Structure formats: C-alpha cells, structure tokens
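Trainee: One structure, as structure tokens, below. Some questions next.
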Amino acid sequence: MAIERTLILIKPDGVKRQLTGQILSRIEAKGYEIAELKQVSATREQLEAHYEEHVGKPFYEPLVEFMASGPLVAIIAEGQNVIPGFRSLAGTTDPTTAAPGTIRGDLGRDWGLKVQQNLVHGSDSEESAAREIGIWFA
Ligand code: RTP
Ligand code: MG
C-alpha cells in the first residue's frame, strides 16, 4: 500500500451546480488529505496538455470547450492508493450508468447532458498524476 498523490479536477458542471463542498466531503470522508486546492479558469494550453491523449477523438473538441466553459477546482489529494481509490470513488465515466455510491452515480444527472459532464476528473496512473500535477500546480 503506497502513499500516493493524485490530481483531481472538479469540472465546470460540478462548480456550477455548487457540488464542490459535497465532492470535497466525499474525498475527506474517505480519509484522503487535501494537499493543495484552488479554483481556476483553465487556459486552452492547460486543457490541451491535460487531454493530450485524447487529441483527434470525436469528443476532444467539445470536451475542451466544456472544460473552458467555467471555473474548475484543482486538487492534489494524498493517501494510500489514492490514484485508483479516487477513480473508484468517482465511478465510471458515463454518469448515467455509474454505480450508486459513487460521485458520478449519485450526483451525475441524466438531463440529456453529454458524457463529458461527469463532475470530476482523477488521474489514472502514477505517471499521469505526476504529469497532471505539473500542469495545474506548476
Ligand atoms: P477522467 O479522465 O475525466 O477522469 O475520466 P475517465 O478517465 O473516466 O475518461 P476518459 O476516457 O479519460 O475521458 C476523459 C473525459 O472525456 C469525456 N468523454 N466523453 N464518448 C464521449 O463523448 C466521451 N468519452 C469521454 C469525459 O468527460 C471523460 O471524463
Ligand atoms: Mg481519463
């Protein structure tokens, strides 16, 4: 069991819907430590770097536009196995089918919203976490 750091983003839908507090509560209730936290308006450069693995996919442009549509909250969280642990707390990508008990499953809404509006991002590996922390907390 390793103490890890992960990069979490509360996406613009989460901030707009005033779910920041609830999402932070779930992270803290799990026992993860909030090492850094700030609200930011993402630049196009940050988003292009953050989503470089998705360049060219059909959802890339709408995703980058959505992520630039309002402020987001960037967080570095620390804890035992926090990288897979937070992804499990977040739930699967599509909020309409994410399991109950997860952030996306409990709080994600099916109002004809697109799949990109799934409230949170969490790094998917140690390598991604190091890279993404460098983008948002340079
Ligand atoms: P994330 O990176 O945000 O933690 O989410 P994830 O690993 O579950 O999903 P990923 O495959 O990395 O995709 C990144 C984000 O792109 C949007 N997306 N839209 N088919 C689609 O329209 C589609 N697929 C993915 C979501 O916002 C997803 O979180
Ligand atoms: Mg991902």
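Glycine is no exception: its Cβ is also placed from the backbone N, Cα and C atoms.
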Trainee: Considering the ATP binding residues K11, F59, R87, R104, N118 given in TrEMBL, which of T20, T93 is annotated for that site as well?
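Mentor: Record source TrEMBL; matching candidate: T93.
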Trainee: So of K11, R87, R104, H121, which of the recorded positions has the fewest other Cβ atoms within 10 Å around its own Cβ?
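Mentor: Comparing Cβ neighbours within 10 Å for the recorded positions K11, R87, R104, H121, R87 has the fewest.
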Trainee: May I ask which of the binding-site residues K11, R87, R104 have a CB within less than 6 Å of any atom of ligand 1, listed in sequence order?
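Mentor: Among K11, R87, R104, near ligand 1: none.
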Trainee: Only counting partners 6 or more residues apart, tell me which same-chain residues put their Cβ under 8 Å from the Cβ of T93 (ATP binding site).
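Mentor: Result: R104, V115, N118.
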